[in-house]
Amino acid sequence: MESGENSLPSGSDGVKRKVSYFYDPEVGNYYYGLGHAMKPHRIRMTHALLAHYGLLQHMQVLKPSPAKDRDLCKFHADDYVDFLRGITPDAQQDQLRQLKRFNIGEDCPVFDGLYSFCQTYAGGSVGGAVKLNHGVCDIAINWAGGLHHAKKCEASGFCYVNDIVLAILELLKVHERVLYVDIDIHHGDGVEEAFYATDRVMTVSFHKFGDYFPGTGDIRDIGYGKGKYYSLNVPLDDGIDDESYMSLFKPIMGKVMEVFRPGAVVLQCGADSLSGDRLGCFNLSIKGHAECVKYMRSFNVPLLLLGGGGYTIRNVARCWCYETGIALGMELEDKMPQHEYYEYFGPDYTLHVAPSNMENKNFRDLLDDIRSKLLDNLSKLQHAPSVPFQERPPDTELHQVVLRDEDEDDKDERWGPDSDTEFDDYSNPVPGRVKREYIEVDRNDSGSYHNHLDRGRDFDMPFKENASSKGSGSNGSG
Ligand SMILES: [Zn+2]
């Protein structure tokens with residue numbers, strides 16, 4: 001099923017996509033601490049590039065409404081969420097047992113504003129899912145999200161709450177089947193674990209495997225019980241290049257789309273799989289990485305694009321900017337526009353960077369073997385499962401602020417009471433085109449999934465024991 005080659009509007013399907021993009025102007029101010037590899041500033045750099053490439057005017061730009069305690073508790077344990085809400089850098093010394101219990105420490109430190117950071121990035125992903133559920137957009141983007149390692153009651157690999165699991169739970173209110181695809185260099189363990197025993201979510205993770213964080217993601221891990229064959233793991237080795245990566249990604253994802261037929265797709269676009277990443281060891285170009293986005297986009301299924309890892313931050317911003325262009329069906333000039341972070345991109349000041357000449361340890365016969373094993377697993381899926389829907393659970397409360405809308409003329413506008421003071425720090429390259437508006441899509445008070453979803457028990461708890469943190473150390477990743 002190689003139908004993904006002409007996915008842009010100029011290509012065979014000829015369809016332009018409506019894109020909703022979630023961004024909080026505060027997100028770049030959160031700081032994990034001196035020397036920590038995870039830098040939320042990269043989200044702000046990405047946004048600056050989007051602005052100066054002129055992409056914001058083609059999307060609906062939304063400030064996510066922060067996820068509330070009860071939203072986070074749809075996946076996470078109450079006491080874990082309570083702890084995240086209450087902990088401060090100063091209070092740490094008195095809470096050593098709790099810190100240990102919830103795996104808060106070196107990789108996942110306590111920092112100022114930690115809880116609001118979690119609320120912000122989770123709010124963007126869940127908000128994106130709600131927009132997709134309402135058919136407001138075809139593609140929703142939250143580059144601040146994608147923190148795939150977080151567990152039900154444990155932080156892991158720079159991740160505190162699992163916005164991806166929360167977003168998928170939201171999508172499951174409307175869609176019978178949701179596909180999760182993870183191209184971060186690290187195994188998407190938190191998401192896999194959450195949905196390991198259900199056939200309503202298929203998870204597919206492409207990752208470095210073998211003596212590498214988090215240590216899980218063996219090709220033989222295929223799901224459990226009803227979820228057997230609904231988890232797919234693609235173990236890769238150092239130095240994989242675009243051609244090798246695509247020789248697996250396209251045939252596998254093509255087959256997945258054919259047999260699973262998801263109603264929505266969530267793609268975690270971790271950029272630590274790029275060549276030259278500070279923590280990674282793959283050799284993908286930005287175009288190679290973005291080819292995954294292009295390919296998944298080509299199926300015309302509602303698509304949620306999320307961030308994730310990525311530790312050479314100039315390349316992260318390059319990548320996610322380019323991929324936003326792909327989502328919009330726009331090819332961007334390689335020469336970068338002047339902007340506030342321009343000096344990060346020297347000496348070439350281009351969007352694309354050449355991959356390195358590192359050795360590709362993924363030999364042909366190894367790749368062939370992986371491909372045929374996974375296609376064989378997929379052939380065991382006889383049909384796409386479906387569930388009877390009784391009553392649609394209410395949406396998670398959503399009242400984003402629209403920072404600007406891609407189609408300004410035909411909107412039912414309701415201006416928020418304090419909309420003029422909300423974004424003093426928001427800089428837009430096209431002054432006067434920023435729309436500040438409250439929309440209240442649905443204010444139904446949402447109950448717990450477990451009460452509404454006919455098979456909600458599937459999501460009550462992780463199904464696999466927490467994976468042992470093999471290789472856990474200071475090289476974990478989001
Ligand atoms: Zn990662």
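The backbone N, Cα and C atoms fix where each Cβ goes, and this holds for glycine too.
These figures come from a predicted structure and were not determined experimentally.
What TrEMBL annotates here:
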{"type": "ACT_SITE", "residues": "His149", "note": "active site, proton acceptor"}
{"type": "BINDING", "residues": "Asp107, Gly157, Tyr311", "note": "substrate binding site"}
{"type": "BINDING", "residues": "Asp184, His186, Asp272", "note": "divalent metal cation binding site"}
{"type": "COMPBIAS", "residues": "392-404", "note": "compositional bias 'Basic and acidic residues'"}
{"type": "COMPBIAS", "residues": "434-463", "note": "compositional bias 'Basic and acidic residues'"}
{"type": "DOMAIN", "residues": "36-324", "note": "domain 'Histone deacetylase'"}
{"type": "REGION", "residues": "385-478", "note": "region 'Disordered'"}
For the residue listed as 'active site, proton acceptor', the spatially nearest of the binding-site residues Asp107, Gly157, Asp184, His186, Tyr311, using Cα atoms, is Gly157
Would you identify which of the binding-site residues Asp107, Asp184, Asp272 has the most other C-beta atoms lying within 10 angstroms of its C-beta? Asp184
Compute the C-alpha separation of Asp107 (substrate binding site) from His186 (divalent metal cation binding site), stating it in Å without decimals. 15
As a check: which entries in Asp107, His149, Gly157, Tyr311, the recorded positions, place their Cβ less than 6 Å from an atom of ligand 1? none
Ten-angstrom check, please: count other Cβ atoms within 10 Å of the Cβ of Tyr311 (substrate binding site), all chains counted. 24
Provide the three-state secondary structure of Asp107 (substrate binding site) computed with DSSP. coil
Determine the Cβ neighbour count for Gly157 (substrate binding site): the number of other Cβ atoms within 10 Å of its Cβ. 26
Using all protein chains in view, find how many other C-beta atoms are within 10 Å of the C-beta of His186 (divalent metal cation binding site). 31
Report, as a single number, how many Cβ atoms besides its own are within 10 Å of the Cβ of the residue listed as 'active site, proton acceptor'. 33
